[in-house]
Amino acid sequence: MSAQMFESFKVNSPNVKYTDEHIISDYTYQTTKVQNVNGELIVEPVDQKYIFKTERKVPRMGVMIVGLCGNNGTTVVGGVIANREGLCWNTKQGLQTPNYFGSVVMSSTIRMGMDENGCDAYIPLKNLIPMVHPNDIVFGGWDINNANLADAMQRAQVFDYDLQVQLIPHMKNITPLPSIYFPDFIAANQKDRANNVLTGTKKEQMEQIRKDIRDFKESNKLDTVVVMWSANTERFSSLVPGVNDTIENLMAAIDRSEEEISPSTLFAVASILENTTYINGSPQNTFVPAVVDLAIQHNVSIGGDDFKTGQTKIKSVLTDYLVSAGIKPVSIVSYNHLGNNDGKNLSAPQQFRSKEITKSNVVDDMIASNNILYKQGEHPDHVIVIKYVPYVGDSKRAMDEYTSQIFMGGHNTIVLHNTCEDSLLAAPIILDLVILAEVTSRITMKKQDDDQFATFHPVLSLLSYLLKAPIVPKHATVVNALFKQRACIENIFKACVGIAPDNNMLLEQRL
């Protein structure tokens with residue numbers, strides 16, 4: 001039976017109400033509570049009634065990218081311009097048309113149910129609840145290099161030449177704002193690019209970033225702004241008592257230009273103080289405890305860490321499959337080489353260490369889920385190597401070897417080779433992150449007996465699907481398994497319109 005595709009839908013239920021301003025849904029959340037009682041697992045099914053309220057008006061949104069003139073920044077902006085203007089270009093494969101492939105928001109569908117003939121019905125994810133369209137986003141941002149976006153796009157060598165020629169008139173007048181540059185935090189080989197930097201104390205530079213955000217919002221008549229870090233990977237910041245452990249200590253440390261206050265931390269603090277969502281697309285520990293506490297205090301959304309594009313996304317799928325199948329991965333070896341500026345920066349040991357940490361942790365929750373395969377504290381050998389090879393440019397090569405124990409002492413080895421067009425994979429993820437972060441700000445919910453609606457926790461774990469090392473609220477579970485992360489997005493948005501999660505039981509076809 002073939003699937004049916006629809007662009008829109010109507011929910012026929014007394015539990016869903018559409019007003020001019022809101023979608024209001026009465027939703028029964030079914031979950032399971034467990035207790036360990038004297039070594040016995042007691043399982044209790046729980047039904048909890050919630051009310052979801054989603055604002056229908058889509059705001060005029062701007063995105064400010066830190067690292068605007070990098071490969072990711074130019075690819076995002078150029079890709080959106082090509083889609084908005086309908087630019088087509090020729091390659092040796094023929095005429096190419098713009099699209100948003102690789103975006104879960106723009107190019108994926110969700111199953112809504114089954115008709116009387118057993119045919120599944122799907123709609124685009126972007127049509128489930130009102131969302132910002134990428135074509136309507138206003139872009140700006142900062143960079144330590146002063147190249148205009150047309151020159152930076154040509155330097156990146158990501159787009160085909162014919163498309164670059166058509167984009168130049170649209171991008172040549174876009175220039176980056178001066179950015180924060182502390183040489184100690186990124187590789188020394190980035191110094192020759194740093195010709196567009198702020199000066200002054202750390203407090204003065206942070207205040208300038210705040211002013212930039214305000215000016216950008218006002219000059220473009222925006223309702224909301226998201227700040228996205230897509231700049232160089234920084235080294236990890238040391239967690240120092242009296243410096244970045246509490247809000248008060250952090251603000252005082254900024255006032256005295258403390259050495260361990262990184263550029264990304266200053267951008268995060270500036271964004272939070274301007275009531276602006278901040279997302280960290282690189283692996284460094286921007287979100288030190290004081291920054292997280294500041295976001296919670298101001299109820300400003302933050303998300304991170306590190307875009308999940310090629311190799312890591314496959315790793316989270318493959319490891320989940322192996323462990324779920326009762327197969328025991330005992331060795332995971334991942335090798336990468338790339339030639340873009342990200343690879344150049346990561347060739348420095350301290351910056352590589354930041355990346356190594358986020359890429360290593362991606363299998364942890366899957367390993368911990370199966371104590372039949374793994375004893376307490378047992379973990380696969382997991383090695384990550386990244387090398388800089390200038391000639392391959394943005395075309396990152398990833399090679400992985402998975403060795404697993406199977407039945408009766410046997411071994412299975414899986415070897416993968418993955419050519420990742422790095423920025424072409426990252427750009428749609430950047431769009432997904434900012435669109436999903438915005439839409440969550442328009443969703444409030446409450447338990448049926450509560451008086452007040454509440455927003456999502458400021459630490460946006462909902463974005464985990466798109467990030468290598470997702471940050472979550474304190475004491476919350478970190479989920480890295482990819483399909484669980486995808487189901488979370490889908491099912492929360494379904495709850496907003498009163499639709500049950502897709503449990504795949506298909507009981508109507510089992511009898």
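Numbering starts at 1 and runs along the chain as displayed.
Cβ coordinates come from backbone N, Cα and C, glycine included.
What Swiss-Prot lists as NAD(+) binding site is 70-72, ASP143, 179-180, GLN190, ARG193, 230-233, 281-282, ASP306, THR309, 340-342, LYS355, 393-394, 422-423, and the listing cites similarity to another entry. Of all Cβ atoms in the protein chains displayed, 28 besides its own lie within 10 Å of the Cβ of GLY70 (NAD(+) binding site).
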Cβ-Cβ distance under 8 Å, sequence separation of 6 or more, same chain as GLN190 (NAD(+) binding site); the residues meeting this, in order, are ILE144, PRO183, ASN232, ASN341, LYS344, ASN345
For ASP143 (NAD(+) binding site), the number of neighbouring Cβ atoms whose distance to its own Cβ is within 10 Å equals 29
Within 10 Å, the Cβ with the most other Cβ atoms among the binding-site residues ASP342, ASP394 is that of ASP342
